[in-house]
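Visitor: Below is a structure I'd like to ask you about.
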Amino acid sequence: MGSREIKSPESLQETPATSSSHQRKKLSVYFIESDNRRMALGRGYTGGTTPVNVHGKPIADLSKTGGWIAALFIFGNEMAERMAYFGLSVNMVTFMFYVMHKSFADSSNAVNNFLGISQASSVLGGFLADAYLGRYWTIAIFTTIYLAGLTGITLCATMKVFMPNQDNCDRISQLLGSCEPAKSWQMLYLYTVLYITGFGAAGIRPCVSSFGADQFDERSKDYKTHLDRFFNFFYLSVTVGAIVAFTLVVYIQMEHGWGSAFGALAIAMGISNMLFFIGTPLYRHRLPGGSPLTRVAQVLVAAFRKRHAAFSSSELIGLYEVPGKHSAIKGSGKIAHTDDFRCLDKAALELKEDVINPSPWKLCTVTQVEEVKTLVRLVPIPACTIMLNVILTEFLTLSVQQAYTMNTHMGHPRGASQLQRVGIGLAVSILSVIWAGLLEFLYEEAPDAMKSIGSAYAALAGGLGCFAASILNSIIKSVTGNPKKGQPNWLAQNINTGRFDYLYWLLAVLSVINFCAFLYSAYRYKYRSEQKHGNDYEVMENKLYDSPI
C-alpha cells in the first residue's frame, strides 16, 4: 500500500493571532498510511504489549502465568541484591581499613565508586533489556555475574594469600597507618571482584521492578490497584534486605569473621537465583522493542536535518505515522502527538521528497518522536533525587567512621524504648513508600518499549549521587583545613578534630534547594494519562501552531 494522498497546509486557513504577537497558522496533523515505513524499520506490526512466554510465543492461557505467584519469585531476587548492596556498602569500608590497611578516605571513595558503578551502569542493563535481551534474560545473565563477584569477594576475605600480613597490626597501629599495606596485586584483585559485583547490578536494578510489574494484566480493571500494591511490596523487600544487611550480616561478621559475612551474601544471592529460575514457567514476558537509543538518535538526527523546514511549507504533507492500531515499534502502542518540544516534531515532518522509501534517519513516526519527548519530560524528576542519593551515600560510608569513634550505646537498657522502635519503623516505612512512588512513577510514565530505561533513570540518579558524594568529599578536603597551620579539614580521620557537623549542615541546605527544584518540576510535569492516547487513529485531528523556533 502506498502513501495516502493528504491535503497540504497551503489549503488551510489562517487564524488571527491570540496572545502572541506573531501570526499563527493552524495545521491539522495527519497520520500517513504507508507500508514503506514498516519496511524501513525492518519489522511488521505487533500487538506491542501482548505478553509472551520465555520462547517469545503468545501465551495461550494467561490465567496460568503471571500474577502475585510469579511476582514472589522476583521479590526474592531483589531482596538478595539489596542485602549484598547494603552489606558491601557498610562492611567493605571497614574491611578495607582493618584488613587491607587502606585509609578511611581511600576506603570510602572506593566504596562510593562501587556504589556509583552499580547504579549508573543500570542504563546499560536497561538498554540491553529493552533493545535485545528482554528483561528476563538480562536479569538471568547479570545476576549470575553478581554471584560470581560475591564469590570472588568471599575468597578475598577467606584466603590469606589475598590479604596483607596481619602480624603486629593492632588497633593503634591501624589508626596510625603503620600496618603493612596490601600489595598492589591484592588490591587489584579486590577492586576487580568488587566492580564485577557492581557491574552485575547493572542488569538487575533496572529490570527487576519492571519485570515484576509485567506480571500483571494492564487490561484488567484492577491493574492500577495491583501495580500500587506490587511496588509497595517490592520496596518492602528492598527494606527487608537492607535491614538484614545492617543487622544479621554485621552480626555474622563480628561473631564469625569477614569470610562468613561475605559468604552469607553469596549464599543468599545463590538461593535467590535458584528461585528465580524455578519460577521461569510462570513468568510473562514482553518482547524487546529494538534499540531505544537508536530510535532516540534517529529522532535527534532527523530533527537536525530538517531544522530549516517550516511547518507552513508547501512541500509539507503532514506528520508521519503508520496506519492501523499498532505502532511500528515492537512492544509499544501508539502515542498521540503533543505540542511541547516542537523542535523534535520536525523529525516527523513528511515532505513530498520523503514519500518514496523514507529513511528512518530522516523521517520518524509521531510515536517515535513522542517517545523521546517523554524521556526528556522525565529527566527533572529523577534528577532531583541525586541530592537524596548524595546524602544516603555519605551516611552509608561516613557513619562507619563515626561508629568506630563514638559511644554507640543508646542509653536505654533494652537498646531502644518501645516508642523509639515504633518511630524507627515508621521512618523506614516512609522511606520505602517514597522510593516506591518514584519507581512506580517512572514505570508508568516511561514509553511502552522503554520501561527498563525509565526504571534505570532512578538507578542512574543514584549512581550520579554516589559519584557526586566522592567529588564533594574531595572538594571539602581540599578547601577546608590548612595543613601548614595544623588545622584539620572537616572530614579528618579523627572525627574529634574534624567537623562532620558542618558537612551535614551543608547537605541540609543543598537538600532544601533541591526540594524547591523538585516542587517546580512536579508543578510543570504533565502525566501521560492527561495526554490523549489512541489505538484506532489512522487519521487524527490535532492542532499544531506555527510559531518561530
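Every residue gets a Cβ built from N, Cα and C, even glycine.
OK, TrEMBL features for this one:
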- 10-21: compositional bias 'Polar residues' (COMPBIAS)
- 1-23: region 'Disordered' (REGION)
- 83-101: transmembrane segment (TRANSMEM)
- 113-133: transmembrane segment (TRANSMEM)
- 140-163: transmembrane segment (TRANSMEM)
- 188-208: transmembrane segment (TRANSMEM)
- 229-252: transmembrane segment (TRANSMEM)
- 258-278: transmembrane segment (TRANSMEM)
- 383-404: transmembrane segment (TRANSMEM)
- 424-443: transmembrane segment (TRANSMEM)
- 455-476: transmembrane segment (TRANSMEM)
- 502-523: transmembrane segment (TRANSMEM)
Visitor: Per the definition of 3+ C-beta pairs under 8 A with sequence separation of 6 or more, do the transmembrane segment (113-133) and the transmembrane segment (502-523) touch?
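Guide: Touching, no - the transmembrane segment (113-133) and the transmembrane segment (502-523) miss the threshold of 3 or more Cβ pairs under 8 Å.
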Visitor: So are the transmembrane segment (188-208) and the transmembrane segment (258-278) touching or not, going by 3+ C-beta pairs under 8 A with a sequence gap of 6 or more?
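Guide: No, since the transmembrane segment (188-208) and the transmembrane segment (258-278) share fewer than 3 Cβ pairs closer than 8 Å, they do not count as touching.
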Visitor: Which residues, given as numbers and ranges, are at least 6 beyond the ends of the transmembrane segment (455-476) yet have a Cβ under 8 Å from it?
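Guide: Sequence-distant neighbours of the transmembrane segment (455-476): 105, 108-109, 112-113, 115-123, 125-127, 205-207, 209-210, 378-379, 382-383, 385-390, 392-394, 397, 438-439, 442-443, 446, 489-491, 503.
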Visitor: What stretch of 83-101, 140-163, 258-278, 502-523 shows the most Cβ pairs under 8 Å to the transmembrane segment (229-252)?
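Guide: Per the Cβ under 8 Å count, 83-101.
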Visitor: For the transmembrane segment (502-523), could you work out the same-chain residues 6 or more beyond its ends whose Cβ comes under 8 Å from its Cβ atoms?
Guide: 380-381, 383-384, 386-388, 390-391, 394, 398, 476, 480, 490-491
